[in-house]
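Everything below concerns the one structure shown next.
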Amino acid sequence: MAHHLRLSISPIRRPDPAHLATPPVHDLFSPFGQLDGLDTTDFREAAYEVFFTACRSSPGFGGRSVAAHHNSLDEGGDGNGSSFGSGLGSSVKPPGVGMAVTSRVKRALGLKMVRKPAAGRRTSSCGLINPSSPSASGAMSPRVGSTLPGAGRLRRPLTSAEIMRQQMRVTEQSDNRLRKTLMRTLVGQMGRRAETIILPLELLRHLKPSEFIDPQEYHQWQKRQLKILEIGLLLHPSIPLDKSDTSAAKLRQILQASEAKAIDTGKNSEIMRALCNCVVSLAWRSPDGGTTDVCHWADGYPLNVEIYNALLHSVFDSKDETLVLDEVDELLELMKKTWSMLGINRPIHNLCFTWVLFEQYVVTGQVEPDLLAASLTMLNEVANDAKKVDREPVYVKMLACVLTAMKKWCEKRLFDYHANFDKGTVVLMENILPLLFSTTKILEDDVPCYITSPQDSGEVVDDSSGNKVDHYIRSSSRNAFAKMLEDQSANGAANVEAQKVSEVLIRMARETEELASKEKDIFSPVLKNWHPVALGVSAVTLHTCYGALLKQYLTGMSPPINETILVLQRAGKLEKTLVQMVIEDSADCEDGGKAVAKEMVSYETWNPKSKTEPYAHSAAELVRFAKEAVENFFEIPVNVSENLVYELTDGLEHFFGDYIKFVASCGSKQSYLPTLPPLTRCSRDSKFLKLWKRAACSVGMDDPCQNTAAERNHPRPSTSRGTQRLYIRLNTLHYFLSQLHYLDKTLSLSPKVTPPKSRFGNRRQLGSSYFEHSRSAIQSACQHVSEVAAYRLIFLDSNSVFYGSLYVADVANARIRPALRTLKQNLTLLCAIVTERAQPLALKELMKASFEAYLMVLLAGGSSRIFSRLDHPMIEEDFDNLKRVFCTCGEGLIGEDEVAREAETVEGVVGLMGQSTEQLVEDFSIVACEASGMGVVGAGQKLPMPPTTGRWNRSDPNTILRVLCHRNDRGANHFLKRTFQLAKRSGSA
């Protein structure tokens, strides 16, 4: 709260006008809901009618003539013809005529006086112009006024009535009609109170169509009066309406009839008589059913507030709507006379005036911070009202609606302040913050129905202002980063070449650094008043955003190593800059900024310790710890028994096990396997491919058969950085295994270990290890990491040249040679990164992944792949070449026998592709029946659809079925259509 008090009285800083040449379109909506059928003009006209009726006894409103009032002043009279005395702003002139030299209201709100020359501002010439005419309402030109000759042309200030007519843009005709109605209504009843007059009804009774320009104008005017009655008596009455009320039902019928044409309001009109009876009956109801001396037609919420707000808007200068009239004191005092008609009281007035000041600040382009400051000052009055125990339910509802609307508008700007403010307008942000916290405090402390929700606009639950500012900083920083990313079109990186993406990453690092510098120079000085490490929070957020982008790049793309190094170098420079910002911004914090700094997770992860030590630094640290533990263990001056050694190694194995699990936590191969497509049979001339090609042409895409031309002409390793980090994990496991052997040897050969007295007391068998569990866990982890690395390399990194393009649309023009060239380069890179001991297992798993990918091309390649029996020789040759790659890789790392064993399944499927369709159908029928237990299929029986197990081989019915589905001939089509009702492939013979 101390922040609120300190900032609320600080001098208001103004934005640079050059930055606000074009007022922004505001997105502030009324908190009072929408009253259909009435617009701003309707409320303004209704407000003037209510205001004039309530103030009719004041000078200038018809109660006394202006000339008589001035005569009384010339004769030394006080001219006090109003009912409220001298008022707040009448230190020089009495109310109703003269304007105060100073305004108590404006002084209290911190608003500056306009102080324009009287002759050019609010003056009129007495004796020449009818005060009720438009000429009298308008401000006269100073030059014209000063040149008018004649002693009878006196210059005088405009009356409050004239000012209100001018401010509310009321025409002479409308004003005359209103005066005429009141004169007719109040004949012999000049003392009648305003709250006993049902004004729309009296206007309808006394004004005829002949008093309007044309029937259309009269009909529109009549519809407005009836709409006011409908809202005030039926839709939003101040006293709840009984659903069975006959007067209400009758009024609805009349209102419905008035939509098409104007109703007859003559003296002898039956519908007018019915209207009067209904309105009077509804307006003179009381809450307890007894008698009342006040009619209720305009005091229901929100109609009363909309009318009253239209009145309050008249205090803004019509020539410059960012300024409040110097005459505001008298105008507000006169507006109090409408309270009894509209059901307004002091708390509601304070709340409405707060909203009107705030709304005016927004709709005028946020160029006048004095209006915002005035709204904040009024909030102090609202805060006092909100704590009163006798608050009315409607006031509490209004309070929640108004303050929530203000709060949401402020928060919307703060959640993205990078986009809403800049160097010239940051002062607006400085002015919004205290207003936001004041509204939030009132809502949380004094509005029972208000619940702070983290889902509400992303708001945090903690009610501390510092924590809220923390949330605004993080949200806006993320939004600013996302906007930069969108501008770079990097969100479509998956469809961009790796080189272009690396350039985007480098540019993003530079622009992120510039964004952090902008935060430091422009926004942090303002936010520092509310958050101790505002810049640090923004720096941490930007660091996290860029880190997520970097991670996506390293794990999802296949960039060359040199490009990756450039990206990481630029990322490292950005990281150092952001860390330095956090350190500098946290210098004065109690914890030195540790709470913020610990959120910055370094970009470095699973990098080799050095070129000669291709394993993670963390493994070396763990081994060093283990060696020190063993050395310290043997320095203990006691006899070391075998059981004591086991207690040591059991503790070490616990740490080793956790670390091995951590290294092996790299996902699974299933995450890289593509989803099996449905069994469809599409040829190159099918509707699918025709539509695909047509769509590709329309957006400038290439044919799927041609999308790897660049890779074919310029092959390069496709091993992504993420896959290379898996290789480092594999090296780390093998390094750790070698160090376990060293530790095992140290413990086994130590002369300080006392052997057990009997062989039954020895837990360790001859030749076994103290770290048997760790060794076993490492072997399993190596198998897992090798498998994941292999499937990632084949199905993700090499997808564009292998599963994504091999044999697409045509076997002859989409052979395996480009994929083999890329594979060879990937194998070379693997052998360069992976240690010798880890290479055999890594290559074996890579061979398995390659063979499975080849099988999926043949059996689950989707509708873009078709095969014929004539393709068999080419397919067989391609697979032989794939096997040869692994047989010749390295110096006997994989034996030919091992390659042959792994290739048996694929060769069996390739053999199926060389069989005739008739043979395939016969084989499928036999194995499908055997698998389902049907035996021989009898007449009328149908073959069952074999399930997809993924364990493909030439004896599997699902495997044979898939070969048939990709077979492009009449026999296969006929069999599949007859047996399983699969759609016939278009273009088949």
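If you go along the chain as it appears here, the first residue is 1 and each next one adds 1.
Yeah, the Cβs are placed from backbone N, Cα and C, and that goes for glycine too.
Annotations in TrEMBL come from automatic prediction, not curation.
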Among ranges 72-91, 452-471, whichever one TrEMBL labels region 'Disordered': 72-91
Feature region 'Disordered' in TrEMBL, mapped to one of the ranges 122-153, 154-185: 122-153
Secondary structure content, the domain 'MHD2' (813-924) (per DSSP, counts of residues): 86 helix, 1 strand, 25 coil
Helix, strand and coil counts within the domain 'MHD1' (540-676) (DSSP): 90 helix, 4 strand, 43 coil
